[in-house]
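Copied from Swiss-Prot, the annotated features are:
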type: SIGNAL; residues: 1-27; note: signal peptide
type: DISULFID; residues: C38-C104; note: disulfide bond
type: DISULFID; residues: C54-C151; note: disulfide bond
type: BINDING; residues: Y55, G57, G59, D76; note: Ca(2+) binding site
type: DISULFID; residues: C56-C72; note: disulfide bond
type: DISULFID; residues: C71-C132; note: disulfide bond
type: ACT_SITE; residues: H75; note: active site
type: DISULFID; residues: C78-C125; note: disulfide bond
type: DISULFID; residues: C88-C118; note: disulfide bond
type: DISULFID; residues: C111-C123; note: disulfide bond
type: ACT_SITE; residues: D126; note: active site
Amino acid sequence: MYPAHLLVLLAVCVSLLGAASIPARPLNLYQFGNMIQCANHGRRPTRHYMDYGCYCGKGGSGTPVDELDRCCQIHDDCYGEAEKLPACNYMMSGPYYNTYSYECNDGELTCKDNNDECKAFICNCDRTAAICFARTPYNDANWNINTKTRC
């Protein structure tokens, strides 16, 4: 093997080792954001739901501050149920990483029939939450709250 080939091989190995230490990004959350935009016809940016109340965003605890926050609590619980399914219990198959097939037609969301059991469950979690977000009032006072004192 030529020295140049060894250098290329070494560079590839180092790159792969570095990539292995980078946590994977939740691919499904991108789809969930698109579902939210479909259901609310783009009236409110998805980022407004990332840090709302006690449950919208990472984690969640306490009592939901309003109906919109309750939508997020139900969504969190739905993802928790998905994680218990045997079909969702293998590497990178859980609700945060497993992508699914769906359609958006004029604000109507449909999970496609070609989803396996896990994908169908996750898709329905996201669909239900997106519809809930679209029909529930948004209270600006509940965005970016102090969760330590209010939740």
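Using N, Cα and C of the backbone, Cβ positions are placed for all residues, glycine too.
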Worksheet entry | CB-centroid shell, 8 A cutoff, Ca(2+) site Y55, G57, G59, D76, site residues removed | C54, C56, K58, G60, S61, C72, Q73
Worksheet entry | Cα-nearest neighbour of C118 (disulfide bond) within the listed recorded positions, Y55, G59, H75, D76, D126 | D126
Item to complete: Could you list the residues of the same chain, at least six apart in sequence, whose Cβ is under 8 A from the Cβ of D126 (active site)?
Response: N28, Q31, F32, M35, H75, Y100
Worksheet, complete the sentence: Spacing of the two Cα atoms, G59 (Ca(2+) binding site) and C104 (disulfide bond), in whole angstrom, works out to 28
Worksheet, complete the sentence: Closest by Cα to C123 (disulfide bond), out of the binding-site residues Y55, G57, D76, is D76
Practice prompt. Express the distance between the Cα positions of C38 (disulfide bond) and C72 (disulfide bond) as a whole number of Å.
Written response: 17
Worksheet item: Hey, of Y55, G57, D76, which of those binding-site residues are within 10 Å of C125 (disulfide bond), Cα to Cα?
Response: D76
